[in-house]
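**Student:** Handing you this structure, nothing more for now.
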Amino acid sequence: MTNIRKTHPLLKIINSSFVDLPAPSSLSSWWNFGSLLGVCLGVQILTGLFLAMHYTSDTATAFNSVTHICRDVNYGWLLRYLLANGASMFFICLYLHVGRGLYYGSYMYSETWNIGILLLFAVMATAFMGYVLPWGQMSFWGATVITNLLSAIPYIETDLVQWIWGGFSVDKATLTRFFAFHFLLPFIVTALVMVHLLFLHETGSNNPTGIPSDPDMIPFHPYYTIKDILGFLMMLTALATLVLFSPYLLGDPDNYIPANPLITPPHIKPEWYFLFAYAILRSIPNKLGGVLALVMSILILAIVPTLHMSKQRSMMFRPLSQCLFWLLVAVLFTLTWIGGQPVEHPYIIIGQTASILYFLIILFLMPMISLVENYLLKW
């Protein structure tokens with residue numbers, strides 16, 4: 001008799017995705033981050049759902065409702081800081097996941113890669129809107145500054161910004177719609193994740209060598225399920241440590257001051273995971289140019305498959321490309337640091353240099369080094 005997991009209409013979908021899925025035998029721990037992102041998404045949806053039961057999206061009561069959650073709701077403080085720090089964990093896993101894709105050439109599966117870029121944009125939008133909800137100083141001014149960037153779009157600028165605000169400034173209408181979208185987007189992200197997995201399972205996973213592994217496959221369960229569970233435990237331990245010992249570590253002190261349109265904070269900045277893009281935005285003196293650079297800093301990932309010039313898929317056997325890749329990582333760390341600094345000398349010039357390097361490495365140096373490596377292979 002055939003096992004029910006192979007015949008039942010629902011169970012066979014789960015079986016072919018997580019149990020009998022053929023997986024390359026050489027996958028390293030860098031392949032754990034996809035499943036870790038799934039756990040992060042689950043934690044975010046659950047904690048967010050319970051917080052939404054107590055939160056009020058009104059400018060008069062939003063800040064107080066968050067205080068009420070932390071003080072009066074059973075384990076409300078835990079839910080709030082799991083959500084806030086869970087977002088940081090989400091982005092750590094997300095950036096490592098994208099970095100893995102760049103290093104090992106996973107972007108050659110173009111459908112999976114493009115859905116991944118869509119997912120990145122959706123998660124960034126969700127996080128931005130979530131940061132506005134506590135209605136602290138940085139929430140209000142962050143929303144004002146970022147939504148104002150749309151005024152750089154010619155001809156429709158004023159109409160577009162006021163349409164998004166729902167009025168002539170960031171106010172009650174803005175907060176209400178941001179809450180509605182913040183609640184909705186994680187479910188759209190979940191749907192996109194399913195499409196992401198659908199396309200991935202069409203082609204099968206890449207592996208560290210970048211060489212087709214069809215002759216050497218192993219079942220996903222028990223080998224990679226056990227490996228994933230170890231990853232879950234490590235990540236959840238790190239998250240619990242952060243939440244229980246230093247929940248305020250990654251937040252901004254200004255966001256514990258209620259929003260006041262009459263007082264501007266000394267340094268308006270987003271959460272740490274957006275600082276690299278914020279630094280690129282600020283490095284260009286022109287408003288429209290800055291907005292285009294900001295969008296391109298993420299959208300550039302979409303043209304990475306086109307720029308792949310190497311005869312090898314992975315960087316595993318390409319030492320010159322490896323050096324460039326780690327230089328790119330160093331540039332991203334530099335941009336993240338600069339994004340949190342005030343706009344003054346020497347931070348301005350460092351930010352501009354790092355921004356130029358970021359685009360230069362991806363657009364020119366990587367393809368050129370790949371061609372050099374191709375030539376050296378012949379030699």
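Just so it is clear, glycine is given a Cβ too, placed from its N, Cα and C backbone atoms.
Remember, it's a predicted structure, so these values are computed and weren't measured experimentally.
Annotations for this protein, taken from Swiss-Prot, read as follows:
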type	residues	note
BINDING	His97, His196	heme b b566 binding site
BINDING	His182	heme b b562 binding site
BINDING	His201	ubiquinone binding site
TRANSMEM	33-53	transmembrane segment
TRANSMEM	77-98	transmembrane segment
TRANSMEM	113-133	transmembrane segment
TRANSMEM	178-198	transmembrane segment
TRANSMEM	226-246	transmembrane segment
TRANSMEM	288-308	transmembrane segment
TRANSMEM	320-340	transmembrane segment
TRANSMEM	347-367	transmembrane segment
**Student:** Excluding near sequence neighbours, so keeping only residues 6 or more apart in the same chain, what lies with its CB under 8 A of His196 (heme b b566 binding site)?
**Tutor:** Thr112, Ile115, Gly116, Leu119
**Student:** Can you work out which residues elsewhere in the same chain, 6+ from the ends of the transmembrane segment (113-133), have a Cβ less than 8 Å from its Cβ atoms?
**Tutor:** 48, 55, 57, 62, 66, 83, 87, 90-91, 94, 98, 101, 106-107, 139-140, 142-143, 146, 174-175, 178-179, 181-182, 185-186, 188-189, 192-193, 195-196, 199, 270-271, 273-274, 298-299, 301-302, 304-305
**Student:** Cβ pairs under 8 Å only, please: of the recorded stretches 33-53, 178-198, 226-246, 288-308, 347-367, which one is richest in them relative to the transmembrane segment (77-98)?
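**Tutor:** Most Cβ pairs under 8 Å with the transmembrane segment (77-98) come from 33-53.
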**Student:** By a Cβ-Cβ criterion of under 8 Å, what residues six or more beyond either terminus of the transmembrane segment (226-246) are in contact with it?
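**Tutor:** Residues packing against the transmembrane segment (226-246) from afar: 29, 32-33, 35-36, 39-40, 43, 78, 81-82, 85-86, 88-89, 93.
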**Student:** Suppose we draw a 10 Å sphere around the Cβ of His97 (heme b b566 binding site). How many other Cβ atoms does it contain, all chains included?
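**Tutor:** I count 20 other Cβ atoms within 10 Å of it.
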**Student:** Comparing the binding-site residues His182, His201, which residue's C-beta has the most other C-beta atoms within 10 angstroms in this structure?
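**Tutor:** For the binding-site residues His182, His201, the Cβ with the most other Cβ atoms within 10 Å is His182.
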**Student:** Report, as numbers and ranges, which residues of the same chain sit near the transmembrane segment (33-53): CB under 8 Å and 6 or more residues beyond its ends.
**Tutor:** 69, 76, 79-80, 82-83, 86-87, 89-90, 93-94, 96-97, 100, 130, 182-183, 186-187, 189-190, 193, 228, 231-232, 235-236, 239
